[in-house]
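The annotation active site is assigned in TrEMBL to E174, H249. Under the heading active site, nucleophile, TrEMBL lists C370. For 19-28, N110, 137-138, R213, D251, N364, the entry in TrEMBL reads substrate binding site.
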Amino acid sequence: MQAFEANFDGLVGPTHNYAGLSFGNVASRSNEKSVANPKAAAKQGLRKMKRLADLGFHQGVLPPLERPSVKLLRSVGFTGDDAAVIERAAREAPELLAAASSASAMWTANAATVSPSADTADGRVHFTPANLAAKLHRAIEHGETRRSLAAIFADESRFQIHHALPGTPALGDEGAANHTRFAREYGEKGVEFFVYGRSEYGQGPQPQRFPARQTLEASRAVARLHGLDDAATVFAQQSPDVIDAGVFHNDVIAVGNRTTLFCHARAFVDQQKVYDELGARLHAQGATFTALEVAESDVSVADAVSSYLFNSQLLTRADGRQVLVVPQECRENARVAAYLDSLGTRTTPIDEVLVFDLRESMKNGGGPACLRLRVVLNEAERAAVNPNVWMNDALFARLDAWIDAHYRDSLAPGDLADPRLLAESRAALDELTTILGLGAVYDFQR
Ligand code: SUG
């Protein structure tokens, strides 16, 4: 069946800030306590969506979550009215207030793992919201994320939205950031590629310095829930030494689209075996797999981590040309820029490079690929999606004005103590649910 890939980007929320919450994510830690600009962050993300929509890509929007999460703060013992809860948390446990205030849901590559209907046993599109159990500020996302997804993919005859896996280290799941789907055509049955950082019960190497967030057990559970065919799945372990170098998700070192995998030479344990397996699985479906591998001598892992070369989007244009969407940090790194320039001088699966300013998100370790959740849809499924979330001129104009009306242009760590931020954020989200036709998805609306 004819199908296409849609990208659903997370709209950056009004509380976007730099709290240094993600040990193992180099950018998050090194920008801790710097002053954020939520308005600029939201506009940078919105402009990416608009430009990709203008180029003919199917582009959707996912809403931010309610932050600060007074619910989290109450669950750890702060009492009183909402303002008192925030004020006490700011005084007694600023780190918990920061976790409750993170706009981290903007990185929708971590919202869920998605399997297209062509791959699943029951012929529905399956979503499993990620439990994000590795970090407190992210572990509180999945319940609300599930509600947003259900408001957008509501038709249960076409979409199955699972509950997140139990949020415990053995089943740490980070969603689509560690998952790639290959297929000759989007609508044909594909091969689903799950990358994990460690196994809880099995053998295998483990990183020493930074945590591995995704387990093999979680990846297998998601594949099982989605009803995937064993002969069309591949599980691979990320190299522990690259996790120790700051590659906290696989999408910081590899990206795939259709039959292409673009990755660093040090991405996986036993890398040749990974290519062989992907090649064999795709071959069984009549497709030819291509790995475009970047050598350490061209781009080091450290350069990949600082530039986010692989946290790019690899997209197919209507004319079949493959486009690589990179952050502007790639142009600012001489070796990465030279590598990208070299693509124009030889035959590779990448035909074009598009550059975006996503500076605000990048400072928290979130590049173009982190900001989007891929959902392959056929025509009937597209027709069942909430129509208000598709990016177009009118939605862009409304959201741009909405950001101007509600967002601050400066947010320092100390500002999280300001109880007015909660009221501002709720007012913004309340209006957003009308713009996106979501219904009452937020707790404060219920
Ligand atoms: O989980 N950063 C996010 C970045 C997620 C990037 N996503 C993908 N690679 N797909 C994280 O580490 C930092 C928040 C702070 O420090 O304030 C943060 O959560």
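Cβ coordinates are placed from backbone N, Cα and C, and glycine is handled just like the others.
For the pair F23 (substrate binding site) and H249 (active site), the C-alpha distance works out to 13 angstrom. D251 are the recorded positions among F23, A27, E174, D251 whose C-beta comes within less than 6 Å of an atom of ligand 1, given in sequence order.
Close to C370 (active site, nucleophile), meaning Cα to Cα within 10 A, are the following recorded positions out of A19, N110, R138, E174, D251: N110, D251. Following the DSSP three-state reduction, the secondary structure of N25 (substrate binding site) is coil. In terms of Cα spacing, the binding-site residues A19, L21, A27, R138 all stay beyond 10 Å of H249 (active site). Proximity to E174 (active site), judged by a C-alpha distance within 10 Å, picks out N110 from the binding-site residues A19, L21, N25, A27, N110, D251. Counted within 10 Å of its Cβ, the other Cβ atoms near A27 (substrate binding site) come to 22, all protein chains included.
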